[in-house]
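Asker: Straight from TrEMBL, here's the annotation block:
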BINDING   CYS10, CYS13, CYS29, CYS32  Zn(2+) binding site
ZN_FING   10-32  zinc finger
Amino acid sequence: MAGNFYQVRCPDCENEQVVYGKAATEVACAVCGHVLVRPTGGKAAIEGEVLETVERGA
Ligand SMILES: [Zn+2]
C-alpha cells in the first residue's frame, strides 16, 4: 500500500507543495528552501501546516 501524501504550506513563504508522509530524506520548500519534512526513522515529521491528505494509488 502506498503511503499518504500531504499538501503542506510552507510557514515562511506560503508556498504549497505535496510531500510524502514517509519521506526518507528531508524535503525542502521548492521556493525558499525551508525544511518541510524531516525523516524520523518511520513516519516523517511535517514542519509546515498540513492543508490536506492526498491519497494516491501508486
Ligand atoms: Zn517556502
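Quick reminder: no glycine exception, Cβ is built from N, Cα and C everywhere.
These numbers come from a predicted model, not from an experiment.
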Asker: Using a 10 Å radius around its CB, how many other CB atoms surround CYS13 (Zn(2+) binding site)?
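Answerer: Summing over all protein chains shown, CYS13 (Zn(2+) binding site) has 13 other Cβ atoms within 10 Å.
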Asker: If you count CB neighbours within 10 Å, which one among the binding-site residues CYS10, CYS29, CYS32 has the smallest count?
Answerer: CYS32
Asker: Give me the sequence-ordered set of same-chain residues, not including CYS10, CYS13, CYS29, CYS32, with a C-beta within 8 angstroms of the centroid of the Zn(2+) site's C-beta atoms.
Answerer: PRO11, ASP12, GLU14, ASN15, ALA30, VAL31, GLY33, HIS34, LEU36
Asker: According to DSSP, which of helix, strand or coil covers CYS10 (Zn(2+) binding site)?
Answerer: coil
Asker: Could you tell me which three-state DSSP class CYS29 (Zn(2+) binding site) falls into?
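Answerer: Assignment for CYS29 (Zn(2+) binding site) reads coil.
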Asker: What mean pLDDT score does the zinc finger (10-32) have in the model?
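Answerer: That stretch averages a pLDDT of 95.
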